[in-house]
């Protein structure tokens, strides 16, 4: 019989407070460090993570993860993609034998494409999409995780292994033969029965965030049956997050599980009627996704009501993977700093609440939290704003097309890029020197102009039709704007993992948003002065700015989005006055904020479309508005993409084998569209045959008069040799396709 715990967190970040894993991975990939050093760095990081929870009585432990938990699970289950089977086992240097196949699946090789990558539920974290088929057979190998777990036990850590659950793993998988991944659910539960028995631990945590989504009743029956079998092992803890736990409790309560975890933040503390107190309720009352301080008094009151019904433990609403490590090194103005809690502060909040629930209240800490909550509520910087909004509509698309054809005079199948070009060491060095004040702002801006000179010249040499300035001045497509808008702040060390070795530093949107001055106009003007071709003005859209920031939670997202949209509308007007004929307003994140339950989706889609249109509707009809979208499974949102009313929509498509085309075709999409023909996330130059094939597939689904030719995403993370070689292939493919269709615009 297991003993209950009283305090924990749902999970921990893996990248390191100083991004140690990022730098070790990049060193291993470029050959500057050996595998043993990478393995040692990863071990040090998991030890440090476990030690950070020394005040809690149960520690989640996912082992040394080198890229992504879903990819870790695929490796444990023996279902890394078959195309990487010929990669030999790794030498015994502390890394798993399968690590080179694992990295091949994550990043691709010179000849093999990587697995698809998309967003983890409605977050800004990315996972690698498992590839299965009807013939998939699971071959269990948890030896690396078991070894890591034993190391923690030797260190005296009360660790519990954390696994991605069978339902979630299969719900997020894709098949290569059109079969249903969930057909494997009974077989996978049998594998998990063996897997959890292999752990010599009191508790085993199995994460099932898929249980907060819409799940078919017959699948829920299979899930209940599967977990009834797993519950024969003591100490099985099924954790859910990113939504209400009611469906999970309706499915799993009373079947003999040791614990069930629920998110009490995303939709608040719901009734949880199915919980009768038979199992430990792990109450996710501290927000694991956002960075606002917890109202400890309100949280304690909710916990006490639950504790009257049965045993509970205090936890975070989800893994702390999604928030920065600590406020400790941040130089943030005191008023706003008091409103915030990063990872280590949230761990402290969990401990404070657990102690208070046990009768040991830290009155000073609770008083400080209450004062911070009151300060935020009454600050003039967060006061509601009432204003009349301008219109959200432009002229008809037919009218706009006619005017834009005359204004732009582009060829059929026009070629362009998404916006950014390589952020070279010299660019990063100039930015770092500016931060350290070792160069002046004037010297920095001259270095950026020199980079724009290079980018424009190379694009003209390659023969691209519509150019970009390359965005050398932008550290990040959201952070750049947040640093120029009132109502935001930037952190110095607020890094979170986006995927693999890529980390981002989300800005904090803490108050009312406004634009004190133009943000991009001078860079556009300089770039346009260098060429006779059209240069796109480049902006990030309101939904993406919200999605990739930590956003205030004290007013509706729709209200905050409209504030950002109005600032962008002013910027668009200034770009047009400066001569811009094409303006791109990127919304790569528009799908990732889509609610997980169908009932909640219409309201989100309405306000997200409204905010984009509020930003862009001031543009004259002869100005072409572009937008760009990433990681987008378009079947669910295609009607909203149409409703955005952008003249051209470029879409990440190459990595998913042009799956977006079916949605475009079935919807009768009549606007301009550019499904990406080069997967920029894999470090390889696409072959002419590969790009030709993707472009041919696009032409079979899209009218040539609508079609643009472009990469999947921006080129910021790629190197110049790869970029030039790949764009050369892309431009040549477009030229040959033009000859075949014999069309001009």
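Even glycines carry a Cβ here, placed using N, Cα and C.
Keep in mind it's a predicted model, so treat the numbers as computed, not measured.
Residues or ranges marked as 5-methyltetrahydropteroyltri-L-glutamate binding site by Swiss-Prot on the basis of sequence analysis: 19, 20, 21, 22, 119, 502, 503, 548, 592. Within 10 Å of the C-beta atom of residue 592 (5-methyltetrahydropteroyltri-L-glutamate binding site) sit 22 other C-beta atoms, taking all shown protein chains into account. According to its DSSP assignment, residue 592 (5-methyltetrahydropteroyltri-L-glutamate binding site) is coil.
The Cβ of residue 471 (L-homocysteine binding site) lies under 8 Å from the Cβ of 419, 420, 421, 477, 480, 538, 714, 716, each on the same chain and at least six residues away in sequence. Residues or ranges marked as L-homocysteine binding site by Swiss-Prot: 418, 419, 420, 471, 586.
All protein chains shown were included, and the count of other CB atoms within 10 Å of the CB of residue 419 (L-homocysteine binding site) stands at 24. According to DSSP, residue 419 (L-homocysteine binding site) sits in a coil region rather than a helix or strand. According to Swiss-Prot, the L-methionine binding site annotation covers 418, 419, 420, 471, 586, on the basis of sequence analysis.
The Zn(2+) binding site annotation in Swiss-Prot covers 628, 630, 652, 713. In the three-state DSSP classification, residue 713 (Zn(2+) binding site) falls within coil. Other Cβ atoms within 10 Å of the Cβ of residue 713 (Zn(2+) binding site), summed over all protein chains shown, number 28.
The active site, proton donor annotation in Swiss-Prot covers 681, and the record cites sequence analysis as its basis.
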Which of 21, 418, 503, 630, the listed binding-site residues, has fewest other Cβ atoms within 10 Å: 503
Candidates 19, 21, 592, 681, namely the recorded positions, that fall within 10 Å of residue 628 (Zn(2+) binding site) by Cα distance: none
10 Å Cα neighbourhood of residue 418 (L-homocysteine binding site): matching binding-site residues from 119, 503, 592, 630: none
Recorded L-methionine binding residues, 418, 419, 420, 471, 586 - maximal Cα separation rounded to whole Å: 13
DSSP-derived structure type at residue 21 (5-methyltetrahydropteroyltri-L-glutamate binding site), helix or strand or else coil: helix
Residue 681 (active site, proton donor) to residue 586 (L-homocysteine binding site) - Cα separation in whole Å: 18
Binding residues 19, 20, 21, 22, 119, 502, 503, 548, 592 (5-methyltetrahydropteroyltri-L-glutamate) - maximum C-alpha distance in whole Å: 28
